[in-house]
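Copied from TrEMBL, the annotated features are:
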DOMAIN    B:81-298  domain 'ABC transmembrane type-1'
TRANSMEM  B:20-45  transmembrane segment
TRANSMEM  B:85-107  transmembrane segment
TRANSMEM  B:113-132  transmembrane segment
TRANSMEM  B:139-159  transmembrane segment
TRANSMEM  B:179-198  transmembrane segment
TRANSMEM  B:219-240  transmembrane segment
TRANSMEM  B:279-298  transmembrane segment
């Protein structure tokens, strides 16, 4: 059980062309028992951050503290962290039992029978007891993954570090393991830092998400905050699948003038964006409404270009002008049928739009959350 | 494959034909490689006159059969064989072990100046034996005895009160020196072999071991060493053959007849004025036995190591 603090952690590499900043002053407080996902595109510094916490990578500047103790210069073994690697990194010449016992043998002076007991218990917890005397080469990918997790939990560490542990599994197994990992983390209540490039994993599993881009922390908040109240254009575009639609516009009076449409803002909204003229309008695909008539402002004509049915919903690729390259995406319920080539009217409701400063990318106004409902419990 | 019956049969027939061709080629290959060996074995069991009368590869026949050549070769080579094994086995094991440790230090542990050391080691592979003969003999005949005498005489002189002397360069000391020379000379190539193998070992696995709390030596002992067994087979076979077959270093370093190695004995056996082919062949076969044995014992592991499994 531990609180992990990253305080302006920076990592630079020397290159022929000079200094490359891999991680730039990242500060995050990870509470005891919290599940934090670090996401970002490849090369954003998320794995480097994790490796610095593990002690596999030197920290150029800043501090990493575990329960208030600075651990910058502690060797990996002394930090009491356990890591699960993307490749599982099992020892191929050892049985499952030996793989899991190795860490305890090396880092503690626990007697053999106690080690054995703990390994067997962890195997039962991970549902791999019948595989205990097999070698990794004789196991499937999913089983190897369980052994890798078992090897981490048997150490009973203060912090779990996971580097894309599900990346090598097929889609169905991935979804299963996602749930299982979440349950496991809740049961053990161990502080966990989980690195992934998959925003779905981050959204579904974590207590909070830290989004990195180019080594800079963009936002660290709960999944729903990141989704509904992104700090900037990057977060808005990265979280959510399909991505948010963006339209560059300029503000003239109370009108956002885009290349293909003019959007009327209410007085309150105009007051909020006061002082910025270059504004990017963002709207999530599911917030775009299909309407029959020009009811009220901000209804635009467009053409359906491609429809991707997914069963539960349909993803429609739309265009304002068929001759131009101006596609945007809207999703509708699976029971609503659309055809390619169809002319439709779409409405961008004002309470669902996000406005960003085009120059800095910062969010000026996020959607309102008046419509959020909670499912009441039954007694 | 076509579904038409005729084509299918044709195809089957052509597969059969290519199979027959393949086996014929393989058999021809076997015959080509084994023919000289068969000739040597036949010659070894022939009397001088039978050798003159029959074709080299034909069997000796009842009147031309003799074990004399074999027993002469065996008796001449036997002390040399023992000396060779005494010298080559430790040398092989030492260079494989040291090569493996060096390669480990140069791949999985990072430190400053690694590249320089790698370059030196690679350069070491290309130093010809002839180039080091003089410094080598100078070292073993003058420098080392001087150092050893100074050290040992002082130490033992202190313990025994001056009555003990460093022994002269007797037979076993010469063998030991030859062994050490070969071990040292084998380190570069062994290091190179192990290094390329260790570079293919997953870095994440080594990191996992570090997080598991294993020290650098424990990682070597528990992870790297067990995983390098196939590579050990490769280096053991290669290095043993290399050391065992060497004549040059042995000629320079060994002057006691009693401590001559097999290659020196073989040279003596075949180097006479009168060529007797049967003893020559018998000597060659007897001298080749240990290397043959090593290949048989480590063959499977060797194949794994070469295939990079």
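Yeah, the Cβs are placed from backbone N, Cα and C, and that goes for glycine too.
Annotations in TrEMBL come from automatic prediction, not curation.
Tertiary proximity for the transmembrane segment (B:219-240) is limited to same-chain residues at least six positions away from its ends with a CB under 8 Å from its CB atoms, namely 88-89, 91-93, 95-96, 99-101, 104, 108, 186, 189-190, 193-194, 197-198, 201, 205-206, 209-210, 290-291, 294-295, 298, 300-302, 304-306, 309.
By the count of Cβ pairs under 8 Å, the stretch nearest in packing to the transmembrane segment (B:85-107) among B:113-132, B:179-198, B:279-298 is B:179-198. At the 8 Å Cβ threshold, with sequence separation of at least 6, the transmembrane segment (B:20-45) lacks contact with the transmembrane segment (B:179-198), having fewer than 3 such pairs. Distant neighbours of the transmembrane segment (B:113-132): 102, 106, 185, 187-189, 191-192, 195, 246, 248-249; these residues of the same chain sit at least 6 beyond its ends, with a Cβ under 8 Å from one of its Cβ atoms. Counting residues 6+ beyond its ends, the transmembrane segment (B:279-298) has Cβ neighbours under 8 Å at 40-41, 43-44, 69-70, 72-74, 76-77, 81, 84-85, 88, 233, 236-237, 240-241, 244-245, 262-263, 265-266, 269-270 in the same chain.
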